[in-house]
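Taken straight from Swiss-Prot:
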{"type": "BINDING", "residues": "28-35, 71-75, 130-133", "note": "GTP binding site"}
{"type": "COMPBIAS", "residues": "207-235", "note": "compositional bias 'Basic and acidic residues'"}
{"type": "COMPBIAS", "residues": "269-294", "note": "compositional bias 'Basic and acidic residues'"}
{"type": "COMPBIAS", "residues": "310-319", "note": "compositional bias 'Basic and acidic residues'"}
{"type": "COMPBIAS", "residues": "333-344", "note": "compositional bias 'Basic and acidic residues'"}
{"type": "COMPBIAS", "residues": "345-356", "note": "compositional bias 'Basic residues'"}
{"type": "COMPBIAS", "residues": "391-404", "note": "compositional bias 'Basic and acidic residues'"}
{"type": "REGION", "residues": "207-250", "note": "region 'Disordered'"}
{"type": "REGION", "residues": "269-427", "note": "region 'Disordered'"}
Amino acid sequence: MFSLMANCCNLFKRWREPVRKVTLVMVGLDNAGKTATAKGIQGEHPEDVAPTVGFSKIDLRQGKFQVTIFDLGGGKRIRGIWKNYYAESYGVIFVVDSSDEERMEETKETMSEVLRHPRISGKPILVLANKQDKEGALGEADVIECLSLEKLVNEHKCLCQIEPCSAVLGYGKKIDKSIKKGLYWLLHIIAKDFDALSERIQKDTTEQRALEEQEKRERAERVRKLREEREREQTELDGTSGLAEIDSGPVLANPFQPIAAVIIENEKKQEKEKKKQTVEKDSDVGLLEHKVEPEQAAPQSEADCCLQNPDERVVDSYREALSQQLDSEDEQDQRGSESGENSKKKTKKLRMKRSHRVEPVNTDESTPKSPTPPQPPPPVGWGTPKVTRLPKLEPLGETRHNDFYGKPLPPLAVRQRPNGDAQDTIS
């Protein structure tokens, strides 16, 4: 009677206990059967399972526990992310492929790394020796011996339970009893030390978040330093040439400016161009005035020649060269045929006159005239010829005759037709 009352009290206490949230991590080598085991626990068919890339998450209700299991990928490249899930896990489910004896050494090293981690040491671990349905699968004792499981567990002070199972034999309520038994044992151990584990998990999670924030800041600082170093190297490579190009090159202004500012800027540019044109014209006029001076017809003395300007000397030398060229041409013409003597004399006289003629340069013509604006293009049809229309024709005589109108028409002449009605007589 007393034991019955005690059992009733225990049941009442359990019924009043709140639902506890528990997080578990499922790890192991690739192709060990982790995803098939997780799906079988959740109630899904475990066949045709693809390799897990990253992780997958399943949620289930087991008694008074709301369990979340993180199924982590077992490839070599992805095992580095396992440590990110250790802080918030209450326990570990390690799945072993008992039919693959060649990878037992790799499994042993991986398990040792997991249990050695400070955020896993001391937490309960469930080892599932999977694929017992295959031939040549190792038994429970063989798996313990190959993994040196007893030594690892004692060294890291972890409670451990090993269960040989086969994840593909059933799912849901028909799941392998060994899997169900192992999961029940793991949750029972967690429930016995739930408060201590919760406190430890809270502490580890806070430390891990602080560490992640610090790593993020350090990463950002490294990126900033690398960027500054690249910019410094770029500026050093550019050197003074880059600075000179920046100074000499046009300054790129903002293309989106108010229209008033653009108009003022254009007016300033036009004024500068006009000033530049006027300065160029003045300089051209000065040069022409210095170059073009009235020349005297009579030859000057040698003293006057010495006192001439350099421009005048250039003109004289040019004149002499021209006269020599004309003389040489005359000599060539004289050596020609006799038939062209008259034409040669005429050309000779003309050339002699041209070579000995010295005319003063008109100063009025030297002054630059303002350029005449180009004529506007002719309108369309400007070049088409004018249409020459013929004069209006007039009648040769009078169009109206007074004696024509008002007279009756002449009678019609009735002529007998041959073979007519009048000739059809019967005698």
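Keep in mind that glycine also has a Cβ here, set from the backbone N, Cα and C atoms.
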Restricting to the chain of GLY28 (GTP binding site) and a gap of 6 or more, list residues whose Cβ falls under 8 Å of its Cβ, or answer none.
LYS34, GLY74, PHE94, VAL95, VAL96, ASP97, THR107, THR110
Secondary structure content, the compositional bias 'Basic and acidic residues' (207-235) (per DSSP, counts of residues):
29 helix, 0 strand, 0 coil
How would DSSP class ASN31 (GTP binding site) in three states?
coil
Let me know the most crowded of the binding-site residues, choosing from ASN31, GLN132 and counting other Cβ atoms within 10 Å.
GLN132
Would you count the other C-beta atoms found within 10 angstroms of the C-beta of GLY75 (GTP binding site) for me?
13
Which residues, sitting 6 or more apart from LEU72 (GTP binding site) on the same chain, put a CB under 8 Å from its CB?
VAL25, MET26, VAL27, LYS34, THR52, PHE55, ILE78, ILE81, TRP82, TYR85
